[in-house]
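Since the structure comes first, as structure tokens, the remarks are kept for the end.
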Amino acid sequence: MTNERIIVPLDVPDLQRAITLLDRLPQVNFWKVGLELFTSSGPTILEVLKSRQKRIFLDLKFHDIPNTVAGACRGAASYGVDLLTVHASAGKDALKAATDAVQVGALQAGVQPPKLIAITLLTSISSLQLAKDLKVPLELPEYALTMALMAQESGFKGAVCSPQEVTHLRQVCGDDFLLVCPGVRPIWSHQADQKRSLTPAQAILAGANYLVIGRPITAAPEPELAWQKIVAELNTVK
Ligand SMILES: O=c1ccn([C@@H]2O[C@H](COP(=O)(O)O)[C@@H](O)[C@H]2O)c(=O)[nH]1
């Protein structure tokens, strides 16, 4: 179903505002909890989402030494969430440690392990910034692919990438590798800080499994209407 492929981030400063958004958009089945809400309010929101039978993408983007990433992944896996992120640039040892740790954490908690998804390169980074600020000597598509392949070799189930990299990553990583795309922008919405965007229809046609679409929906004057417009756009390419 189309709307199962749209993940809406709960990028709000507190639990009450998150619940207000959930109440306003009951048609959304897949929600993302990220750094802003988790830092301010902790894991309570995960219980709220589960009590409403929602799917959960816990986007905490771990990036640390292997031992610390493993500990964080064990803890996060105990919540029984569907997807969990780690930065691929934490390196192969950290990614392998994460792969083992989610199994342990989930087993101890008696829940299913989350699918681990690697951040390849934040969608707010442009090619120019990658070269000039981060001093990465690879072209951006090659860098994103290198990160995705390292994650795949380390046992990750998928990657977060911009929709602009999806075609290439899909070709190389295969059909079973999940590609989760933020930076998706309908033509009627603002780019804001996203640098590598495509429209929802273009992202799905390119081969994305999931689209993460936040402010075009959550900051719209009428979020329900924005959601409906995006679902209608995706129905044209089903
Ligand atoms: O590379 C990345 C990784 C994660 N994100 C997250 O996705 C959403 C995008 O929200 P919008 O309001 O649609 O821009 C946000 O929660 C980010 O933390 C990303 O944008 N890029």
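The first residue you see is number 1, and the count goes up from there.
Cβ atoms are placed via backbone N, Cα and C, with glycine included.
TrEMBL has this to say about the protein:
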| type | residues | note |
| --- | --- | --- |
| DOMAIN | 5-230 | domain 'Orotidine 5'-phosphate decarboxylase' |
| BINDING | Asp11, Lys32, 59-68, Thr123, Arg185, Gln194, 214-215 | substrate binding site |
| ACT_SITE | Asp59 | active site, for OMPdecase activity |
| ACT_SITE | Lys61 | active site, for OMPdecase activity |
| ACT_SITE | Lys61 | active site, proton donor |
| ACT_SITE | Asp64 | active site, for OMPdecase activity |
Averaged across the domain 'Orotidine 5'-phosphate decarboxylase' (5-230), what pLDDT does the model get? Just tell me the whole number, please.
-> 98
Going through the recorded positions Asp11, Lys61, His63, Asp64, Pro66 in sequence order, which have a CB under 6 Å from an atom of ligand 1?
-> Asp11
Rounded to the nearest Å, what's the C-alpha distance separating Pro66 (substrate binding site) and Asp59 (active site, for OMPdecase activity)? Just drop the number here, would you?
-> 18
What Cα-Cα separation, expressed in whole Å, is found between Gly214 (substrate binding site) and Asp64 (active site, for OMPdecase activity)?
-> 26
Counting every protein chain present, what is the number of Cβ atoms, excluding its own, within 10 Å of the Cβ of Pro66 (substrate binding site)?
-> 18
Quick note, Asp64 (active site, for OMPdecase activity): same-chain residues at least 6 apart with CB under 8 Å of its CB -> Ala72, Ala90, Ala94
Translate the DSSP assignment of Asp11 (substrate binding site) into the three-state scheme.
-> coil
